[in-house]
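Chemist: Relevant sequence annotations retrieved from TrEMBL are reproduced here:
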REPEAT    35-67  repeat 'ANK'
REPEAT    68-100  repeat 'ANK'
REPEAT    127-159  repeat 'ANK'
REPEAT    160-192  repeat 'ANK'
REPEAT    193-220  repeat 'ANK'
Amino acid sequence: LNKMDDTGFSALHHATRYNRVEAMAELIRNGSIEDLSTPLHVACKKGSMEVGRLLVEKGAALDKKNDKGETPLHMAACIGSFDALKFLLSKGVAIDERDFSHRTPFLSAVAAGRTENAMLLLEKDENQKSPLHLACAAGRALHVEALTRAGLSTNERDEEGQSALHMAALSGFRKVVTQLLRYGADINARDSNRWTPLMCAAKTGSVKTCMELLQSGASI
């Protein structure tokens, strides 16, 4: 029963994908499933919370990462339902885990345009972001312009040592990066992990943002 098909899915994966709760319960009851975590990613992605609850009840790891470094919370934040997100948060999952693109669930939600999800994650975040950080993460160029004109510092840091420029670079918003540089953002600022905005943009694969930073004098 643990055998994978050509797509790398087991019987449990398929039962999860198509929300077949009874089939899932039978598979789990037989004790044939070694790892319930990857199916939990699928459940969160599909917003199948009856399935998700069953998997968690049976011991699925809430913080297990997939091949992209994403936790189930990442999946719920950027693709899944609001209810899936609330369910995971009610279980006390870590909200600041980063995937291999250096994105937290909050940044994933912002990049995917899932505003409601992003706001819920923000409410749960003890490391509250400034309005400028949020505007940059969401790529809101008009808001960034208004906030910087109002005098908000482009070099203010959050609890992770990230500036607004880090947020814009992580989310791949080249126009916002240009705005921040025009208002004096430190192009080579390093966060608590010694990451510069250029490193953040490179990690997320944002070529245009990388080029903008390099052309503006970012150190390699």
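Glycine is treated like the rest: Cβ placed from N, Cα and C.
Note: TrEMBL annotation is automatic and uncurated.
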Chemist: Calculate the per-residue pLDDT averaged over the repeat 'ANK' (68-100) and state the result as an integer.
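Modeler: It averages 90.
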Chemist: Could you pull out which residues elsewhere in the chain have a CB under 8 Å from any CB of the repeat 'ANK' (127-159), counting only those six or more residues past its ends?
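Modeler: Same-chain residues near the repeat 'ANK' (127-159) but 6 or more away: 96, 106-107, 110, 115, 118, 165, 167-168, 170-171, 173, 175-176, 179-180, 183-186, 189, 191.
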Chemist: Could you tell me how many residues in the repeat 'ANK' (127-159) are helical, how many are strand and how many are coil under DSSP?
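Modeler: Looking at the repeat 'ANK' (127-159) with DSSP, the answer is 17 helix, 0 strand, 16 coil.
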